[in-house]
Amino acid sequence: MVKICCIGAGYVGGPTMAIIALKCPSVEVAVVDISEARIQAWNSNQLPIYEPGLEEVVKQCRGRNLFFSSAVEKHVSEADIIFVSVNTPTKTRGLGAGKAADLTYWESAARMIADVSKSDKIVVEKSTVPVKTAEAIEKILTHNSKGISFQILSNPEFLAEGTAIQDLLSPDRVLIGGRETPGGSKAIKALKDVYAQWVPEDRIITTNLWSAELSKLAANAFLAQRISSVNAMSALCEATGADVSQVSHAVGKDTRIGPKFLNSSVGFGGSCFQKDILNLVYICECNGLIEVANYWKQVIKVNDYQKSRFVNRVVASMFNTVSGKKIAILGFAFKKDTGDTRETPAIDVCKGLLGDKARLSIYDPQVTKDQIERDLSMSKFGWDHPVHLQLTSPATSEQIWDVAVDAYEAAKNAHGLCILTEWDEFRKLDYQKIFNNMRKPAFMFDGRNIVDVAKLREIGFIVYSIGKPLDPWLKDMPAVA
């Protein structure tokens, strides 16, 4: 029986291993993590992450050929294939701070693998890592091999949160990069044979190590670029009276472009986009490609601009101050169907409004009060480090916010309402009821373009929807401070 071990029981490792166990009943899969609490959660009825369909898969396989354990060294020692899915956070200090990836956890994992291994291993990069990481890991393993053969593969993940299980069951592609040597080719085939049990062979792409590593960064950079492009266009639409939804629809009909990732919003979030682009910028700078680095920097700048532009619209619309005013925040996760708040635009929007002394009432169906509190007190890039290393600053007494049990409670007696996540339930709310219980004039700021603007204006709302023709109330209000 082939034994697979995955180091790291997070958003990537857990779901990926669950699907491998489901589709490969003859393979024994162990997911290991040094966090006892996380492993206990994976072994409970309350999984540590929310992903549609995940719970059913885990319950079907857990205890059969899928195991969650904190006995890291034991399972690593016994495994034939080791996936490494540990954090690669952005460095917060030292060389490359704010851009480069911190490979501390990857290096620790590699040294531990070398220490405990008693048989040949295939080590698979599953985390998003900088180009040439495999080479560095290979050197650590080779120089500590004690006669054991290690083959390094790059197998980047291309999961979208909220659809991760479907993405794993029916992927656009599976990418496997390895050394162009007999040993490398054999390792590639071994991993390919695992995926081939449910993925069509023409969707399994093999490359050299460097191409696989760079493909992951490039894919996320291209997707983020599309979002920043349409968001930049949304600002121009507001200035000219165009409708960004109509523009996006027309552009997306061009088969060379296509319709995906052309929805304007308050900005992109998630664990990968910003981190990977900053990583790409750093790699370009290290290779003397300053113009290329500046090009990708602009994608981040436009995303930051979109969030600050949204906050400025809110403040300017409400008589240029939100001090002491209650603002309802609907949605805190970075996208619907996930509880993930990493780099969510809601953090910057909420901090911007709290900075102007607004009182916030926040509602999200999947994000807890504890998580919101951590996010609002977290330093930049702090979220991607272990809990004991996360730098936080306690909220000041001037920052007043609470968590509501539903959208109606959040909006009660509010002066304004901001939609920051496109949860389906927000499309179906009784906005007449909400309007009746809000202060007047009642403002709606739709950061996801999910409401019927005309209908809300009929009810009586003053509506701002990103990239849409401006409400007469807003036309003389500045978009930027």
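The backbone N, Cα and C atoms fix where each Cβ goes, and this holds for glycine too.
According to TrEMBL, the NAD(+) binding site annotation covers 8-13, Asp33, Arg38, 86-90, 127-128, Glu161, 272-275, Arg342.
The Cβ neighbour count for Cys272 (active site, nucleophile), using a 10 Å radius over every protein chain in view, is 27. Taken from TrEMBL, the feature active site, nucleophile applies to Cys272.
The domain 'UDP-glucose/GDP-mannose dehydrogenase C-terminal' annotation in TrEMBL covers 328-453. A mean pLDDT of 88 is what the model gives for the domain 'UDP-glucose/GDP-mannose dehydrogenase C-terminal' (328-453).
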Ordered by sequence, the long-range same-chain Cβ contacts of Tyr11 (NAD(+) binding site) under 8 Å (at least 6 apart) are Ile49, Glu51, Leu159, Glu161, Ala164, Ser271, Asp340
Summed over the domain 'UDP-glucose/GDP-mannose dehydrogenase C-terminal' (328-453), the DSSP helix, strand and coil counts are 42 helix, 22 strand, 62 coil
Excluding its own, the Cβ atoms lying within 10 Å of the Cβ of Gln274 (NAD(+) binding site) add up to 22
Cβ contacts within 10 Å for Asn87 (NAD(+) binding site), all chains included, total 19
Cβ neighbour count (10 Å, all chains) around Gly8 (NAD(+) binding site) is 25
Here the 10 Å Cβ neighbour count for Asp33 (NAD(+) binding site) comes out at 23
